[in-house]
Structure formats: structure tokens, C-alpha cells
Amino acid sequence: MAVKIFKKSSIPGVVITQFVNDVPQGCSTPDFEKKPVTLTLQEGKNAVFRAVVKGVPAPEVKWSRTRKGMDDPAKYEMSFNSATNEFILQIKSLVLDDSDLYRCSAVNAYGEASCSAGLRIIQGRTGSSGLTGPLRKTLQDSKKLLKKVTAPKPKPLDKEAVWQLLLHADKRDYEKICIKYGIVDFRGMLRKLQEMRKDTESEQDKLIQNLKNFEHIRVNKDGNATFSLEMELKNSNSNVYLLKDGERLRYGTGDEYRKHCLRRVGRRYYFTINDVQPEDAGVYQVRVEDVPIFSTELDPQAIPARFRQPLSDVRCAEAGDAEFQCVLCTPCHESLWLHKSRPLQASEKHQMSVTPDGLTHKLIVRNVGPSDSGLYTLDVGQGSSSAWLVVECEWLAAGCSHGLLAKTAHFPLGGEEALRSGPGRDAMLSRAGGYADGAGGEGFSGEVLKGEPAELSCTVSKDNVTGTWFKDGLKLTSMDGVVFEKKGLVHKLIINKVEDIHAGKYRFEGGDVKTEASIFVEVDKVLLKNLTSVPTVAKAGEGVKLRIPFEGRGPIRAAWLKDRMELGDDSRIRVDKTDTCTTLSISSCNRKDCGDYKVRLKNDSGVLEINLKLMVIDKPQPPAGPIKIVESSANNITIQWKPPKDDGGKPVQRYLVERQQMGRNDWETLGETPRSCTSFTMSKVEEEMSYYFRVRAVNAEGASDALESGEVKAAGKASPGAPDPPEIISASRDTITISWKAPRKTGTSQIKGYMVQKRKKGTVTWMPVTNVPVKGGYPESWHCLVGLKRQKCQLGSGYEFRVAAVNAAGTGQPSDPSEPTFARDPLKSPGQVQDLKVSSSDSTSVTLTWNRPEVQDGNYVKGYEVEMRPCNSLSWTKCFTLPAESTSCRVQGLQAREKLFLRVRALSDGGPGEAAELEACAGAAAPAVSPRLLIDDTVKSFLVIKAGNPIRVKIPFEGSPEPVVTWLKDGLPLPSHAAVSTEDGTTQLLLRAAEFSDSGTYTVELENGLGKRETFNIPQPPGAIRLEENVPGTVTVTWDPTASENWEKNLYYTVLKRESQKGPWHVLGDLIYNNKFTFTRVVPGRDYYFRVVAKNDLGASDPSETVQPWRIRKTKAEFRVKAQKYRGVNQNQPPRFLVPLKSHVVVTGSECRMSCAVGGHPPPKITWYKDSRDLSRDPNYFCTNDFGVCSLVVLGVTKQDEGEYMLEASNEVGRAFSKAFLAIKGNLALLFPCGTQVVSLLPSASKMVPSELYLLTKQWHIWAALLNS
């Protein structure tokens, strides 16, 4: 029976269900170490959930969601990161429907653990809020297309450049950079950045004193990009470099105009890229010498489009054609035209054109009407240009004579400015939308100063039209200050003196004409009274009232703001408003009320903002703590603090310092310090007494609250600690010299001297050596040696010594006793060993033997010390850690034929004796090894170096005896500035600053002491190529051997071909060790070019090529078959397929051949079809029919050749069909830039198809190119 036991997890929100009663020992139910978290993301981004689970056996992790399934693998990607043990669910291209609850469950045989995480999607913002859904989507898709087309393709970056960019980027940009460059392990990225930051800072500290205040790259409105940093160099002569995508740029530092400029102001460095173009996008890096300092990226989308000729306003008569033209600085073949923020499609009405160079864009609007007026915009992705179209209607023609249309034509409805009417000016009416003869027109609006005259006029087409005026929808028959006039075709409404009542919307109706216009009275300029720019000052705790009077046409709305937040009524703050003023009242102000206030006044005519400043003064805050104890001794105590963070609006004048003794309630004032001093020293303290201290800051408003310290204890008098045990320096029959180090703990006062005591070995009584302390040095380094001589020591007696330090508190603890020593004269050292010689040797060791020295005065030998030194060194080293006890030893670890000096000396109680020395040599060398270069994938055979950069090439080698290394350049000795060093089986070439003359081929020669010589270089090119057709349908390629065959052992050839004069080269044969190759797959009628390259372990030679193309011309033979006539026998047979067609899957660019066998009588007619299209006359397909064997050859297949192919065989008896499908598989290629040549690798593991110079990693070339920017 199934069991379900619910357990509690250590992770909140995780539910664990146990399936069995008892879990076996060593096993466990699943649980979460890290559960997925709820996410809130914007529409269009990717969501990533991460979880880490545990359990034995390892549980299986499953993901699900509540409302629907997760069956789409392209949408939901589930993976496991073995480096972090994370199970990852990635949801791509989020939409609103992805908002749901996602569940993660881990299951094994003993239970299940599950948890949930929510995903909330925020709808993406668009810039055209007034557009409908489908129209908005069309506009967004069009803009995305523009960005895709116009944005230049970024140059691929190496991994080091990406990590440097992340190292200096803002944390909020980490996600964008990781997604852009394919970094998915966010935690690993953060760990690596932390390690890189430590390494980078250690390198920067060697060159830079101070580095801060980075500003990333920005493009200003003038089209220039700038980034800066603040940097102080330790050495002002250090070189500062600017790189783009890893390539060094030359920049100007003076007043001359350069593309890239550096300007230094104090410690700040400003880097400028003038006249930014799309090709300037990339990663820019600042380096000091070879150390990266700062990296920033110029995004292609941040580069605005540059217009050589922007759009200009167009005036056009009704029913005419309006033309807009714009000229760009950079080409754009895909652009978007908009009319009033709505995208336009090419049609007979709107004709769009782009010149072939993509610079000139035209829009022609045919048969314009009033509805076509408005703002037209050309959007090219990174920028846009706009202009107005003004349609001049016939019924406004009369208005032009008064100069009215010219004043208003530039600002139709929806413009950025309103119409204005001053003294003697008229505000024209335009047509109202939705009426006959005025369809699509929209009313103008005008602003008139209060008290000034205004006039509205309308011209109709007929004289007998009776007009009617309306205001705000009400018919006007009479109005104070308003006069109605009619002169011929012109109807006027005249206002002699504009007042507030005249503001509103006016409409004229006459016949079939209905037009509208609005009048605004300019009274929104608020008149401030009795206000100055002096800040309002108040004391803390008092009430404050800020009153702002105003005038204007109502209703006027007033709002008070502080720190961009609108103030509302609460327990302290109140906002009042009347028809003439607004007041802000603060009942009890404090320091938090200080700051800038803004009053915003708004009515239907405009907005006015007033800035005010309120200053509240108060007592300062307490000094910033904590109180630090700088010094505490038996005589004085010194304390220190920091100034207060807020001085109360008045400068701090002084500080008050007080003290309280532990056990008492009263505080004692110690003194004052000026505001510039934040420390105090008190000398009247008692030993080992505890105190409390407090400090107050004082300004003109009073003293602050106190900053109190913890318990501070004055030090008492303490005696010094024990020194280290004394050391015996020398001993004789009547004198023993000892030395010791000062004690680590000196107490509370300086050491005055030392008491020295002695005792005989084996006794317990210590006797003083002197009656007064011995004066000794006492530096702060604690490493002073003090010497003492004691006379009248008993001859032959053993003594032990100890010392004790003395200070003002008394004598300290004594040290531990020294090693016992005897009062006797030193013994004589033993004599020199006898008969030192080398008894045997091999390639790695030498064996020494000797005889004991003569014994003198009973001074017996206790051991022997063996030392050695190389011939080129003067320093001796011990061969053994312990002395040798016998009179022979073996010295190991030597090199073959190594010469060295050895010496042996005897050891006794009297010290080491005189050394005996001899010269020795190791045995024979190891067997001779021919010189050989040890080349692997780390050795580059081809280098491109910028001028000025260093060139360093290391080549490992081997050989016995060690070969002599010689470097050559183009077969000649190296230039004088090239340095070569060889040691430990490695040779290195170093050029500190590359020059253009350093370009060339460098060769290494190895020659050993046995006369063997080895030269390493790339082979010379092969000789002339000859082509022959020995077998029909094939071509045999033969060539003269390269001159390198005379000395090169591992030489072989590679044959390549191409089928056009400019097509890519393809490998036909590789690893060819003779001078002949036959190519069999020749297509008749096609031109072929052949190339042969000689190769060795280091690389490839220059190619040898054919100049004239090779072609096989094949003429079809005519066959005549005369059928024998038979009587009474009908041999006719319908067509049938003996071998049907088969489907093929080929790679793009290769050749495909389809074949089948057809039978029938009479011989059927063969017709090929692709997707029901006849291929008989298509020159791209080569069809053959040889005695019923039908073939179709597709040369250089592309994606368009994919589809269904059918062969139809028909004769007079019947028909037969055979079908097959051709699938095209994409060819993935890796491209490696090598100068101006291309290195390509096909994905086939068995074939490597190089270009004309395929660079093997076992070749090294050094090319230095001088780059002039």
C-alpha cells in the first residue's frame, strides 16, 4: 500500500513527500538546496529559473506550469549545469501569456520534493501611445527591421576583451553584455570577475597612483562620442594607449583636428571620437603600457543617423503633388515613412524611392488634400527627420492678401507651437473636419494677450452666403465687445479688447462651409509679489509659512513639491490655496525640512514653476563616533573623535570634553578644543583607574548631544617580561661572553638595565654576576644584542646563565637558563683529511674516499663535512644535511660531463678543520640525440604584429649534446636590435619594438657538437604544372618537384582546384608524396584551375598554379540503329523503370547526380521536372540519356535547388514516372582571418580544405605591419 509522509524542508516553501515508511541507511528523500525564485520581467526578454537539488539516489528533476503545458522545445529549454549542479529552465521571448506559476519537482525512489515560483510579465512600452494595436505592432516591426538592416555587424571579440568589458561595466549592464556575448553562467561570471579584479588591481598598482570616476562612452548631439576617467600616474612618462577591438589607435593631443583625440584636464583624461560613424562602433580600451585600465563599448544603436540634407517644410496647393527629399550621410536602403506617427505604405498615393547608393530618399504625395497635411517623418533606424506639409485650399486664397496664412502655415493642428495674434493681427479659421468642401480640415488655435484686439475672418466662395457665428456651441447674436462684419466674400468677428469671457472655441457656418478656431487669453503668466531670491531661514521647532501670491485665469491648480515628491497634508505640514495665493505651513520645522521647494501653478493656458529654498538652523548633531583611544598609559590618556555629520546649519565653533570616574555620578569638564582639533589628551589620571569620556559639539545655536565612550582604563605600573634565553658567544678558561634579546613585554616604562645571574651545572642556587643592572640598548626593534664579560670563572666548570630586565616598576621575570658551557680555552681544530680522491664516477654521481687526519691533544674527529661548487661559481654548498661519519661518500644528482670542485673537512669539539679540495668530473654523457624542435599547438607559425609592439617567440628543442642555435631572417643574420636567448632547451627571439622592416621569414638552425646540423624552414614552391587527359573524362596533374625535396624529409604535396577564375579553392588530394595526381570527376564543358602546394611540419609553401583553364570538350557520337522488321510480332512496350530514382541529401555548394534506368519500346522520351517545372532548357542542370541510363547533374547546389524532382518517360504506348526528393544540408565553415587570405575548415573530420595558404600550427612566421591611422 502506498505511503505518503510529509516532511519539513530546511528551505521555506519546499514540500517533501516520503513514499516509504523507512528510508534505508545511506539513502535520503529529495530536497532543495536552492529553489527557483519568482521573477518579474519585461515582455520580449528571456526568463531563467535555477534550482539545486540533493538526495540519494540522485533525483530526477521535472518542470511544469499551472495553466498549460510546456511541449514546445523551442520555447522552453531545460538543461543541467554540471559546474554549478544547477537545473535550469529557460523561457525564451516572453509574452503576456507566459505569466503563470511554474513548478519544479525532484523525484527518486523514496520521495518527492517540490516548490513553485511565479513569473510576472510587464507589457513593453511603445513610443506611439495613440496608435491602435495592429498599427503599433506594424510600426514596431518596421523599426526593428530598420535597426537590423542599418546597424553594422559588430566585429567579433576575443574572450579577454569581453571579460575586460564586464570588469569595468556597471552592474546593471551585466545581463545585457552576457546575453550579447553568450555568457550563461552568471555566478561563474561573477566569481571570475572578482578574481580578475584582484589581479588587475595588483598590476595597476605598479603604474597608477589613483584611479576613479569612470564615465562610459556617450554620443552627444554634435555626433561626437566621449568617455573619460580620473587617473594619476606614478610615472608621468608612462605611455597611455587607446585601443579599439584590440587594435591600437593613433590619437591627437593638441589643438589639431583628429578622428581620435585625448585631452587632459588636471587628473582627468577625456577621450573623444569625432564625427561618429557606424564603423566606429566597438569596444574601446585604455591601457597604460601593457596594463588594461578601462573598457567601454560604443553600441551601434547609440550612433545617430547623420543627415546631409534633412527634410524641409513643403507648401502645396490642393490637388497638387507634394515632394519630400532627404539626403543621408551614411547609406540606408530600408527606411520608413510616417505621417502623423502612422507608417505609410508604397502606393499610387504615396510613391517612395531610394537611390542605389542608399543616400537619397524621396516621398511624393499625389493629389494632396486637407487630410494629407501634417507632420511627415523619415525614420532610418538610428535617427529620423521630420517636416510639415501645408495644403493651401482655394477658400483661403483671399486670406493670403492680409498676410495671415504666412504667419500660421508653419503651425497646423498638432504642431509644437500655438498661433499668436498681436495688435492688428488676425487669427485665421481653417476648415472643420467632417463637412463638405472641408473634409479632413482641423481648426487652428491662437493666443491673444489680455486687453489686446483680435479678429477672426473667413472667406467664402459666394457673395450671397449668410454666415452664422457660434461660441462654445452657442449661437452668437450679440456679445459685449464683439462686432460682426461682412464685406463681400469675407465674414469677420472683431473683438476690440480681449477679456477672459472671450476665450473659447468659435465656429462659422455659411452655406456648405463650416470652420472652427479657438482663442486663448494669455493670462497664465503669474505675477509674483513681494518675493526675493533670499532663502527663508527658520529655527528648529518654530513654525514656518511660505505664501506665494498669483494672478491668472481660473481655475488655477497649485502644488508644492520637495525632492520631486508632491507634499500633502499631515500632522506637521499643511497646504492651503485661495483664488489669489497658495500657502505651505510647517508647524514645527526641523533639519529634515531643509532643501529646495518647488511651487507648480497650472491652468488651461500653461504651467509656471517657482523654486524656493528653506533653511532650518539648529544645534549640531553629536560628533561622529566612536571615540577612539589613541594612547593609554599610567600618566595620560589621549582620545579622538570625528566632526558631526550635520553642523545644524551653523559652523561648529568648539568641542567640550568631559570625564566621569567609574563609581561616581558627576561629570568633570576637562577642557575645550577648537573646531579644527578633534583629539584631546588628559594627564591627570590614576593608575589602573577606569574612566568614561564624552564630547559635545558647540555652534551659535548651542551644544549638541554628547558622544560617550566606553570604559577606558588607565594602565598601571607593570614590570617587564622575561627575555629569551641567553646565547653563548665565546668561552675561555677565565671568561665567558653571553648575549640576549630584549623582552617582548617592557611593562609601562622603559627598561633601565638587566640583572645577570649564574649557577653551576647541577645546582639550584643562582648567584648575581654584578650588583647593579647592566646597561643595555633598548631600541624599538626589540633585536638589540647586549654583551657581558665575567672574570674569574673556575677552570673546567660548567655554568648556566639567565637575565632579567629592570624598569621603574622593578625587576621583571628572569629568562630561561642558557645552554651549559665550560670555562676552558677552546680546543684546536682537527687537521686536514688525508688522501682525498675520486674512487669511481658515472654520468650522475661521484664517489669520494679519504683517510682520517692526525689526532692532536685528544681532539677526536666526530664527523666530516662535504661541500661542492660548480666551476663557474665561488659559493660552496653542502652535499649532505648531516656530517658524514665514515671516510667515504657518494655525491649524486650531477649532470653528464659536469665539472665541479669538492672539498672535505673534519669536525670536532674544537670546530671544523682545514678543508682538503680536489677537482672532479661526472661520467660520460648520455647517447647523442639529433637536434629536433619540439613544436606543439602553442607555437604559432604565422604572426601579424602592429608596429611598435614587442615580438616574442619561444621555440623548445632537444639534442644531445646541446645544439648551437642560430636564427636567420630571410636567410641572413638577424638585425642588430633583435635579441636571442637560449637556455634549458628553449630558444627565444625578442624584438622590443617591431618595425616594418622586421617583416619576413625567420629560420632556426640547430647544430650539435657532433657535426650534425638541422635546418628548419617552410618548403619552397613546386615547379611548373602540366595537365594531360590520359583517360577520357579525367585529367592528370603533374608538376616539377620543389627544390626542398633535396633536404626535406617530411615533405608532401596538396592539390587544389576551383571551377571559376574567382571561385573558392577546394582540396582534391592531400598527403601526396609523388609528383602526380589524377582527377576523375570532370564535368565536360566546365573550366578548371589547379594549384599545387608543398608542405612540411612547419607549414605550406607558396602555391604553383595553372594560368589557362582546363576544359574537356566531348562530342556526342551519333548512333543509328536499324530495327529488323518482323512480321506478326508487336514488340512495343510501355516505359518502365528498371532502377528508380533515389532521394539525395547533399551539402550546399557540392555536386549532386541523380540517376535511374528506363526501359521501353520504342525508346521513351525523357523529361526532367522540379516541382512540376520543366528542366529541359534550364542551363543550370546537365541532363544525359545513355541507352536508357538517365542522369541529372546539379552543379554547385544551393538552397533553391531543394525540392521534388520527377523523371517522366513516355512513348506511344504509355507513360511512367519516378520521383525523388533533394534535401540541402547547410555547410558550416570556420573562418580564420590571416591577413588578406582566408583559412577555411569544412566540418568533415576526414577532410581539411585549406585555402591557398593553409597555416599549420607547426610553422612560425613573424610579420610586423606598420599601421598608420
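Placement of Cβ uses the backbone N, Cα and C atoms for every residue, glycine included.
Note that the coordinates shown come from a computational prediction; the quantities given were computed from them, not determined experimentally.
Annotated features, as they stand in TrEMBL:
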DOMAIN    30-120  domain 'Ig-like'
DOMAIN    423-506  domain 'Ig-like'
DOMAIN    622-717  domain 'Fibronectin type-III'
DOMAIN    722-826  domain 'Fibronectin type-III'
REGION    809-840  region 'Disordered'
DOMAIN    832-928  domain 'Fibronectin type-III'
DOMAIN    931-1017  domain 'Ig-like'
DOMAIN    1021-1118  domain 'Fibronectin type-III'
DOMAIN    1135-1218  domain 'Ig-like'
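Look at the domain 'Ig-like' (30-120): DSSP puts its residues at 3 helix, 56 strand, 32 coil. For the domain 'Fibronectin type-III' (1021-1118), DSSP puts the residue distribution at 4 helix, 39 strand, 55 coil. Helix first, then strand, then coil: DSSP counts for the domain 'Ig-like' (931-1017) stand at 3 helix, 47 strand, 37 coil. Helix, strand and coil counts under DSSP for the domain 'Fibronectin type-III' (622-717) come to 0 helix, 50 strand, 46 coil.
Break the domain 'Fibronectin type-III' (832-928) down by DSSP state and the numbers are 0 helix, 49 strand, 48 coil.
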